[in-house]
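S.K.: Here it is, the structure, as structure tokens.
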Amino acid sequence: MTPLSSLHQKSYRSPKVNAERRLFTFHEVEAWQRDNEYLVGKYRSTSGSYRESLKSLLYLHNQTGNIYSHLIGAVSFFAYAFFTYGTISTRYPTADARDILAFGIFIGGAVICFGISATFHVFGNHSSHVYHTWLAMDLYGIFVLIVGTVYSGTYYGFYCEPQYWAIYSVGLPLLTDTTKITIIVIGAGALCYLPRFRTPKWRWARATLFCAIGWSGAFPMTHAAQTLGIEQADKQMGWWYFIIEGLWYISGVTIYATRLPERLRPGWFDMWGGSHQIFHLCAVSGAAWHLVGLLKAFDYNHDPRTRMC
């Protein structure tokens, strides 16, 4: 393994667009920019300007992959919203505003989550204050996506039992499972407000928190499997699609927390293939699987040949 100390001695110049734009090593940038010591180079300098940070969209640096992986994801989900609206509003006469709301909340959550994430990585070199402000927003964006996921999934999972959908999505605080989910989400929001929680030392804590919030969706998933059976739950709500979605999310969070593969080869993944980029791609993939599951559930619950109520 190449010693980190020797890798930190070099500065870099971006090979694209602006050959004179200097990039920096881990130890050359300010302390608040040092999130991952295994990414040893290709850091942007502190810009102090939103305009200058935006200009970094036009050259390569170690945040380029993080920016575009979620920027493309946000734009793709936003564009797909129009296709989805045309599909669900005209395919079946039984489709109504509730279907549009279920899809809209999930797709909106994905656009918000990925859009905020891309924005954070664009402006992450502005200043310490802007960095930490957008980092907090980035974490809250993840919660928004999770809420949209649970809301939309439970709508079709309990399509014929709307009282259960109300319990899991709208929330009746005296009921046990909803109380658990509510406590987890409120606690997560409070933790993310604390500056210390957003530091690199708390990376594993954040990863554990993301998993805990994600696993809150296991309450309605388990309920659906017990009530309907897994085969019927898969037909009615896309149960297996949501399992695959969860595996994508868990894989991404694990890679994010362990900082693989860059911890094995410091300096090799500064530009491409780092853990945070893989985490982003896993998040987009998981959201895509959820959308496919929703479309399957929509067809099952509205097709006259299969609908149950």
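Glycine is treated like the rest: Cβ placed from N, Cα and C.
Marked as Zn(2+) binding site by TrEMBL: HIS121, HIS276, HIS280. Marked as transmembrane segment by TrEMBL: 67-88, 100-123, 135-158, 207-226, 238-257, 278-298.
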S.K.: Give residue numbers and ranges for long-range contacts of the transmembrane segment (100-123): same chain, 6 or more residues beyond its ends, CB-CB under 8 A.
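M.R.: That would be 50, 53-54, 56-57, 63, 66-68, 70-71, 73-74, 77-78, 80-81, 84-85, 88-89, 130-131, 134-135, 137-138, 140-142, 144-149, 151-152, 155-156, 280, 283-284, 287, 290-291, 294, 298.
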S.K.: Would you mind ranking the binding-site residues HIS121, HIS276 by how many other Cβ atoms sit within 10 Å of each Cβ and giving me the lowest?
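M.R.: If we count Cβ atoms within 10 Å for the binding-site residues HIS121, HIS276, the smallest count is at HIS276.
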S.K.: When you measure from the Cβ of HIS280 (Zn(2+) binding site), which residues in the chain that are at least 6 apart have a Cβ under 8 Å away?
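M.R.: Long-range Cβ contacts: GLY65, ASN66, SER69, HIS70, GLY73, SER117, GLY252.
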S.K.: Three states by DSSP: which one describes HIS276 (Zn(2+) binding site)?
M.R.: helix
S.K.: Short question: which residues 6 or more past the ends of the transmembrane segment (67-88) have a Cβ under 8 Å from it?
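M.R.: Result: 57, 95, 99-100, 103-104, 107-108, 110-111, 114-115, 117-118, 121-122, 277, 280-281, 283-284, 287, 291, 295, 298.
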